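This report refers to the structure that appears directly beneath it.
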Amino acid sequence: MSSIELGKQAEYPEQYSPDCLEPIARSLSRSGLGLNASALPFTGLDVWTGYELSWLDLSGKPQVAIGYFEFDAKTDAIVESKSFKYYLNSFNQTRFESWAAVQTLMQQDLANASGGDVNVRLEPLSAVSPLETPAGQCIDDCPLEAAVYTPDAALLKVEQGEVSEQLFSHLLKSNCPVTGQPDWATVWVSYRGNKITPESLLAYVVSYRQHQDFHENCVEKIFTDIMAQCAPVELSVYARYTRRGGLDINPFRTNCGAALPGWRIVRQ
């Protein structure tokens, strides 16, 4: 991991440069969770939003857009965030024939870098959705049962009796494994099964406070821990992280084919 560009000083490219993109194999994290790429217990997406996206049209006139980048959870690799930022900035002084040409090129480059399916959507600023509150119950006012700051699945508790509900917390904090910078997020859990006590889920969320890992890996650990400890019939986990360098990362994992929630929260 020491070879990646995150945390290093580098010059921003002045022209289109797909070589900026730096993949990190998903297997590096998944092996520690006992996950096999050929038999994943979930499907999902990593949804990145790019807020600082610009290029030139053929006349040299700047274009600006909001970019939505959806990486299938089955891709071989995630893309290191700083390299993604450098890649997007390489479009700033490059001329393109159309928005469609930019979108197609980005989709090809990101698919090549990640080794799998990627969907890219560019939208004008006027099309951006308003802020929303996640569906379900916020658990942040529950008392904290244990002040533990490293992930501990044993904190999760269930009560007998099947329910179908959605719980969320704004208190998720993890940390970049390269720079140590804090990563802040709202995490949303939708499930059907024995009732997860809100207090125990809150304690579990808080236990990530000193944990170092990438966003995507944190969500997969949350998913696998809840499955192992609580055994829900259906489970979806979604984290909306705050943006850094004009990009936010929003991993979603589900075992029931649930639709990706479309909301954007207040810290984004």
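Heads up, the Cβ atoms here are built off N, Cα and C, so glycines get one too.
Residues or ranges marked as substrate binding site in Swiss-Prot (evidence: sequence analysis): VAL79, GLU80, SER81, HIS215, GLU216.
All protein chains considered, the CB of GLY245 (NADPH binding site) has 15 other CB atoms within 10 Å. Taken from Swiss-Prot, the feature NADPH binding site covers SER81, LYS82, ARG244, GLY245, and the record attributes it to sequence analysis.
Positions annotated as active site, thioimide intermediate by Swiss-Prot, on the basis of sequence analysis: CYS176. In this structure, CYS176 (active site, thioimide intermediate) belongs to neither helix nor strand by DSSP; it is coil. Take the CB of CYS176 (active site, thioimide intermediate) and look out to 10 A: across all protein chains shown you find 18 other CB atoms.
Here Swiss-Prot flags ASP183 as active site, proton donor. In the three-state DSSP assignment, the secondary structure recorded for ASP183 (active site, proton donor) is strand. Listed in sequence order, LYS173, SER174, ASN175, CYS176, HIS215, TYR241, THR242, ARG244 are the same-chain residues at least 6 apart in sequence whose CB falls under 8 Å from the CB of ASP183 (active site, proton donor).
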For GLY245 (NADPH binding site), the one of VAL79, GLU80, SER81, GLU216 that lies nearest, given that the binding-site residues are compared by Cα: SER81
Which listed residue (GLU80, GLU216) has most other Cβ within 10 Å, given these are binding-site residues: GLU216
For VAL79 (substrate binding site): DSSP state (helix, strand, coil): strand
